[in-house]
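Chemist: Could you have a look at this structure, given as structure tokens, before my questions?
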Amino acid sequence: MKETHFKDNFWSTDFNSTAGYDNLIQHLNDGKKTCKEIEDFIKARATIEEKYGKELINLSRKVCGQTELNTMKRALDVFKQQIENIGQAHTHLAQSLREEAKRLEDFREKQKDSRKKAEQFMESLHKQKASQYKKTMESKKTYEQKCREKEEAEQNLNRNSNTSNAKQQEKLQMKSQQTKAAAEDADKVYQQNVTLMEKVRDEWQKEHIKSCEQFEMQEVERIHNLRNIIWTHVNQLSQQCVTSDEFYEEVRKSLEQCSVQKDIEYFIDLRRTGETPPAPIPYENFYNGQRPNASRPQVQCGRRGPLPPPSTPSDGIYSTVDDSSYSLARY
């Protein structure tokens, strides 16, 4: 299958038309705009990655599980360290993305400078071609006018060839010669302008082909470059996921070493206070005359027990007003 190229598809039958060239320039400008948009996109992603990385680093340095012991403490330390590592990785990714954006910016500026020379030269040729075309058409118009004047003078001379007025005859003869000379001069100017216009047209056509080839080459490079940059960009993001997963794997490994039983035993060994529980505290009736003596240990009650059950009339320990043995105290 035959390949299609810019140089074969952006012409116009109109001598002064620049439609094909204008379409190419518009397309290249659109491509330049796309490069700038991708460049800004990558820069914005770099800013996000940098901010995210710094936030993760700050988060990893916050107090978290400071009172934990033994294997859980080690697991939490690994967890915080790996979060910090992930934050560092994101800041490194941000730097890599900015470097990639800078390469795209340099490429865009390089193409811009290369195109600028071609565009300036083509613009000059377009103006020169249009100017020469206008001059040629004006000289053609003058030439045609002079030819008509020459024919008219010759016709007048022929119509009055039999006139007896010699002076009139001489005047017509001179007019015919003058118009003939003017027509010949106009013809020469017209031919010179046509020749010059052809030279300008030929130069413009060759330069148009060269420009099309250059623009097509730039377009191939631009698409190829954009493809590679986006490919590299997503590879960088994928690698970041792999790197993060490696750090997370370290956390999973540390959690696998975290033993519930070991941490329980560690805490018991560290903070044990004894194995014997306190003895039951007996109930002591205030009215039975029993008082704690020095030999009885004093019980430190940190908490009040439940209220004793209310006594009943049949309870022998308590005396009531109705009891016959009850009497007032005597002094």
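The backbone N, Cα and C atoms fix where each Cβ goes, and this holds for glycine too.
Keep in mind the model is a prediction, meaning the values are calculated, not measured.
Okay, so TrEMBL annotates it like this:
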DOMAIN    4-263  domain 'F-BAR'
REGION    125-184  region 'Disordered'
COMPBIAS  135-153  compositional bias 'Basic and acidic residues'
COMPBIAS  155-167  compositional bias 'Polar residues'
REGION    278-331  region 'Disordered'
COMPBIAS  287-298  compositional bias 'Polar residues'
COMPBIAS  321-331  compositional bias 'Polar residues'
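Thinking about packing and proximity, how do these listed features fit into the structure?
Modeler: For the domain 'F-BAR' (4-263), the model's average pLDDT works out to 91.
Within its own chain, the compositional bias 'Basic and acidic residues' (135-153) is flanked in space by residues 172, 175-176, 178-180, 182-183, 185-187, 189-190, 192-194, 196-197, which lie at least six positions past its ends and keep a Cβ under 8 Å from the stretch.
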